[in-house]
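Peer 1: Okay, so Swiss-Prot annotates it like this:
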- 98-100, 129-132, 139-141, THR187, SER319, 324-326: substrate binding site (BINDING)
- HIS188: active site, proton donor/acceptor (ACT_SITE)
- SER318: active site (ACT_SITE)
- GLU331: site 'Important for catalytic activity' (SITE)
Amino acid sequence: MAFRIEKDTMGEVQVLADKYWAAQTERSRNNFKIGPAASMPHEIIEAFGYLKKAAAFANHDLGVLPLEKRDLIALACDEILANKLDDQFPLVIWQTGSGTQSNMNVNEVVANRAHVLNGGKLGEKSIIHPNDDVNKSQSSNDTFPTAMHIAAYKKVVEHTIPCVERLQKTFAAKSEAFKNVVKIGRTHLMDATPLTLGQEFSAYAAQLDFGLKALKNTLPHLSQLALGGTAVGTGLNTPKGYDLKVVDYIAKFTALPFVTADNKFEALAAHDAIVETHGALRQLAMSLFKIANDIRLLASGPRSGIGEILIPENEPGSSIMPGKVNPTQCEXMTMVCAQVFGNDTTIAFVGSQGHFQLNVFNPVMIANFLQSAQLLGDACVSFDEHCAVGIEPNYPRIKQQLENSLMLVTALNTHIGYENAAKIAKTAHKNGTTLREEAINLGLVSAEDFDKWVRPEDMVGSLK
């Protein structure tokens, strides 16, 4: 195995000869052997690709970086964005809490790759310096938070939202398809008055719609970038106008509406935007957990449960019980939601730990955020494709449950009063008879009036 010698301010370090990273990356590799290698999310590396390219363009426009260096840095960044350098980012999230070592990993790779693109060889002195050129007008303290926002925004907008919208549309379509299917309702897990299966599914569609609105409402805060604040938010060592220009380039390169942060001291010292947006992801997870639970309970059986809906049978459910099929998509969804709840606890805690001018829990915060955003999107697509689109009413079971429910007696309240209606229900329950039989036996309602007043289809309100 061949090595070359790289240097930093602490001295010489051996680096694998064919790798573009240099001394600081290698030190981090050796000092933080914690968990799987290269666990820094790819989305963060991609975000740095946009960021470093934008910085090179802004620095050139403002007269502090020559055109040749700008173009070489941009070429190397384009290779990062094209996933051509994925094996050059070996660092873990368990490193310095500011993300300094990953920032330097990108700086070193861009500098060395730019040198090679210019005809040089690894190990030679590069015309592009990782600090003086690639990191010009920047600090890890403003670049890593900026990369966090870019990565989080892109993941939510390009993945999470479209995937949740897909499932929401399916529930809305099912609500319309099932609008005339009258069934018994349940509160406290006990029988209640009727509603339609369409009305029940309309609640699921509405929950996801509100969750999507909440998520989208957090995006303006998330779109604010810290870049230009440098070390503590003052913008030290940046040319005038740099913060506005560099973010304009990021917006151009990503085709997303990023803006410079209103207050860069807040943008470095706190990550409330990440906490806020993940809170909306938690809200969606809460809704999805409730929906998945409802669906697996409504589908329970096939003969000894509620069994009012039929869900797709995707795979055998047991290694010992022949013919058993389980609500596996519901179970996967609830596990994903549980993971999001755990991630939210981590994010909320580390979000509270910004001391003075900097929060130093950045890598773990963004890793948890990106996992939540990815998992929720993936789970919604999986649930939609393998469960939701195939849900159908179990008409015989719905009819049986509806006719057996004692809570249809509620329709008699306005005619004979609550206490008399309760007497009918309790007597029917005790004797194992029907409401109609006991209403007539007790002399409280005639057969004709019972048939006129107790009509489940008239108890569900508007079907529109």
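The backbone N, Cα and C atoms fix where each Cβ goes, glycine too.
Quick caveat, the model's predicted, so the values are computed rather than measured.
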Peer 1: Write down the Cα-Cα distance for GLU331 (site 'Important for catalytic activity') and THR187 (substrate binding site), rounded and given in Å.
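Peer 2: On Cα coordinates alone, these residues lie 22 Å apart.
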Peer 1: Non-local Cβ contacts of SER318 (active site) (under 8 Å, 6 or more apart, same chain)?
Peer 2: LYS324, ASN326
Peer 1: Rounded to an integer, what is the Cα-Cα distance in Å between ASP132 (substrate binding site) and HIS188 (active site, proton donor/acceptor)?
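Peer 2: Cα-Cα distance, ASP132 (substrate binding site) to HIS188 (active site, proton donor/acceptor): 65 Å.
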Peer 1: Counting other Cβ atoms within 10 Å of each Cβ, which of the binding-site residues SER98, THR100, SER140, THR187 scores lowest?
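Peer 2: Per-residue Cβ counts within 10 Å for the binding-site residues SER98, THR100, SER140, THR187 bottom out at THR187.
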Peer 1: So for PRO130 (substrate binding site), how many other CB atoms are inside 10 Å of its CB?
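Peer 2: Around the Cβ of PRO130 (substrate binding site), 25 other Cβ atoms lie within 10 Å.
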Peer 1: Closest to GLU331 (site 'Important for catalytic activity'): which of the recorded positions SER98, THR100, PRO130, SER140, HIS188, going by Cα position?
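Peer 2: The answer is HIS188.
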Peer 1: Can you tell which of the recorded positions (HIS188, LYS324) has the fewest other C-beta atoms within 10 angstroms of its C-beta?
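Peer 2: Among the recorded positions HIS188, LYS324, the sparsest Cβ neighbourhood within 10 Å belongs to HIS188.
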Peer 1: In DSSP terms, helix, strand or coil for the residue listed as 'active site, proton donor/acceptor'?
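Peer 2: In three-state terms, the residue listed as 'active site, proton donor/acceptor' counts as coil.
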Peer 1: For each of ASP132, ASN326, GLU331, count the other CB atoms within 10 A of its CB; which of these recorded positions has the top count?
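Peer 2: Answer by Cβ density within 10 Å: ASN326.
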Peer 1: Fill in the CA-CA distance, SER140 (substrate binding site) to HIS188 (active site, proton donor/acceptor), as an integer in Å.
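Peer 2: Each residue's Cα considered, SER140 (substrate binding site) and HIS188 (active site, proton donor/acceptor) end up 53 Å apart.
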Peer 1: Could you round the CA separation between PRO130 (substrate binding site) and HIS188 (active site, proton donor/acceptor) to a whole angstrom and send it over?
Peer 2: 63
